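According to TrEMBL, the features are:
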COILED    129-156  coiled coil
COILED    518-545  coiled coil
DOMAIN    7-126  domain 'Response regulatory'
DOMAIN    146-218  domain 'PAS'
DOMAIN    222-274  domain 'PAC'
DOMAIN    351-403  domain 'PAC'
DOMAIN    404-446  domain 'PAS'
DOMAIN    552-770  domain 'Histidine kinase'
DOMAIN    791-907  domain 'Response regulatory'
MOD_RES   Asp59  4-aspartylphosphate
MOD_RES   Asp840  4-aspartylphosphate
Amino acid sequence: MTQSQQTVLIVDDFFQDRQMYRRYLTNDPGITYTILEAESAFDGLKVCELQQIDGILLDFRLPDLDGLQFLAKLKAQGGKTFPPIVMIIEQEDESIADQAMKSGAEDYLVKSQITPNRLRLTLQTAIEHTALRRALQQTQQALRDSEERYQAIVQDQAVLICHFLPDGTLTFVNPAYCRYFGTTAETLLGQNFLHLIPEGAREQIQQQIDVLNTLTPDRPTLIQEHLVCRSNGEIGWQQWTNRAIFNSADQIIEFQAAGRDISEQKATELSLQQATERFELAVMATNGLIYDWNFKNNTVYRSRGLMDLCGYCPEEVDPSLQWWWQQIHPEDLARFDFSNLNEHLESLDRYCAEYRVRHRNGHYLWVEDRGLVVKDITGQPIRIVGSTIDISNRKQTEADLRESEARLKRLVDLNLIGIEFWDADGTVLDANDAFLNLVGYTREDLHAGKVNWRALTPPEQIQLSDASIEKMRQQTSDTLEKEYIRKDGSRISVLLGGVMFEGSHHRGISFVVDLTEQKQLQREREMLLAEAQNARAAAELANRTKDEFLAIVSHELRSPLNAILGWTKLLRSRQFDSARVEQALETIERNTQAQVKLIEDLLDVSRILRGQLRLDCVPIHLAPIITVVVANGQLAATTKQIRLCSTIEPEVGRILGDANRLQQILTNIVTNAIKFTPNGGHVTVSLEQVGNDAAISVTDTGQGISADFLPYIFERFRQVENSTTRSKDGLGLGLAIVRHLVELHGGTVQVESPGLNQGATFTVRFPLIDQVAQPTSIEPNPTIADLSKVKILIVDDVLDTCDYLQFVLSDFGATVAIAHSAAQAYGIFQQFVPDVLLSDIGMPEEDGYLLLQRIRQLPQGQSVKAIALTAFAKPEDCDRALGAGFQAHLAKPVEPDDLINAIVKVFNHA
């Protein structure tokens, strides 16, 4: 890789320092330095007078002059073009550093803080800044000269030139324009040029104006012809080349037009209807050099425009294509592939290219070449007719536009408002200090890629930002009000106005205004207003909701208890046959499970309101869960003669979910579908992949949902009826819990119903973590029927619970001991060492945690398996039990199978 060459002068009277600086610089891998040295200020000035120096390292304290005096002498010696100087001072002294910078030093270094990298970076930065500053000054002077030349050309131009607004109002005319119409600029400016058009042609010209207003930055130029009325009453034809000028929002603000009188040309066209094909095709091309290339004999006809364009008479140049190729700039010529020219032309009808050609005087000018390929009946090219025009002025305008962008960068650096340059993928390409201060990041964070506007945007507002970017692409953008998340985690409200860079669909610039104070005032006003308007309504709603809910809870608790207590008394007081006893036990069990379900729903709602409902998510397939739910619902469906079936696509992938909660979701929906479907109806459960989601649909032919109630179907405590003639049991919590559990899984749930008695469809969607279904297996339930080798100690202060547990465990063959307190259990443990401890948590005097702690301290108690059986059923209760040393946690009430499975699991665990 080629290294740059730079000459550096070191002015320092201390030899060791000069050697150190020389060593630091010569070790630079990217730059080859020629290093000159001077022991005194006057020696250094003499070297500067004789040598071309790129940069100077100047020690402030010299034997003959100090650094400031040296700067003054050098400035007097070299004028404004002296080399960039880095002053080296002994210690951090702001006054000396400030004087040095004001006197012309580019930068300074404290000698004790100099490192190789700091020395090289400071010197190189000083050299580069000086070079950039000088280049900028030269560019600005060149631009002023170019503007003066442009004005001189426009004023002296024979071509008619004008500027006009989108509605046709004239804003500038040159002298040729005034002479043509026989009037003055003062008369024309501010007038609509339609008054210069014959009355009969004004409607057509207005249509041309409408067409001009459809120009875009990608197609900014349009040539038009129309009639005009001169001051002497003559009607003439003009041809205008119109160019639209756009603002930063890509809106047309003005047109610049150059026109010429083509009255004679129009007259000639009328009289020469049978003109040759050459000139008929030339009309299709633009003005400038017109050429006609005979493809078969490789001869080129060129019009007199060649003289205007390149300074050559057509007669003095070789009438071949090769001659023109020789005039094209070598760099541009290399871009064209002429190896398969014939095949290339066969695929074209028209072509357009921009490149540079050499003028007779030796300089190059930019041209636009447009052509029409004429083919024979076989599709082979036989002629190419086209035109070449000078677009050097347009290229200069584009250069001016780049300079305008540089001015925008200087505006950014003023930090009057937050400004960010961004990419649609979230990258903040650059930003000024005002923006970085707004979001709490440093420029080092920006350079390290830590500032990403998508990361700064709250997730719920990403869609708004993307929609705003799409509007920018369509050039219909508006301001956007949003929030940014600052580095410290706080949020700040901002107002953004942005545009896409011309020609880009991904990058743009935004101006950012801090709305913190305005938002705070607005929030305070809204809070005061909301508090005043809602205080009474909130109180009334709270009282009404509380009364309604308490009434529902009372009803739902009493209804199952009526059946439980009634059948219990009958079983005690009468003798029934085995079928009736089985019926009674099924009724008691069903109503008991209804009570458990009611309590679980209340606990789930309580956890939801406190934000304590948690999931144990793992990659899981939905198909086995659907199969279990459908199987569990078959009994209830069969009772009502309802056809319950499922349709499962086998290729649906996995989701990240909690199996128990997923089964709860589907059970609630399927149970409702069966409950509200009349006898003989249908309930269908389907699983399919929709996009990147797994979609479960439960469709029934039941009573449907009215349009009035549909928006409230997933709210807590909401049911269709609200009277004493209730046709729906339950608390109205099931679907509210469903919605919350689905959302915790990152999914969505929605319901559709055509109306009453027309059925309903519930659709639950979960995001997939993989797209292809993986083989899945369901572990068998580890229930065993024999606990004859297991000794169990039951500890519970409720006697009925002990009796129930003893009966169940003894029925499976276990050896059971019972204690009604922790102290009694501790005493029993001295003679009866169980394999499994089944203990309640909340007991008088001493709870289950303390009991287990005391047992673990005994030598024979360290290997005992422990299960917590408790009414404390929250997730945090389970975590606490496991953390205290229990191997399992069971929530009351517990099914016999669940109890046996838990005992088997902990007993068999090594």
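Going from the start of the chain as shown, residues are counted 1 onward.
Glycine residues also receive a Cβ, built from the backbone N, Cα and C atoms like all the rest.
TrEMBL annotations: computationally assigned, not manually curated.
Residue counts of the domain 'PAC' (351-403) by helix, strand and coil are 12 helix, 30 strand, 11 coil (DSSP-based). Listed as Cβ neighbours of the domain 'PAS' (404-446) (distance under 8 Å, sequence separation of 6 or more from its ends, same chain) are residues 452-456, 469, 484, 486-488, 490, 492, 494, 498, 505-514. Counting residue by residue with DSSP, the domain 'PAS' (404-446) contains 22 helix, 11 strand, 10 coil. Over all protein chains present, the Cβ of Asp59 (4-aspartylphosphate) has 23 other Cβ atoms lying within 10 Å. For Asp840 (4-aspartylphosphate), the same-chain residues lying six or more positions away in sequence with a CB closer than 8 A to its CB are Val795, Asp796, Asp797, Val798, Thr801, Gly848, Ala868, Leu869, Thr870.
The secondary structure of Asp840 (4-aspartylphosphate), as reduced to three states from DSSP, is coil rather than helix or strand. Per-class residue totals from DSSP over the domain 'Response regulatory' (7-126), listed helix then strand then coil: 61 helix, 29 strand, 30 coil.
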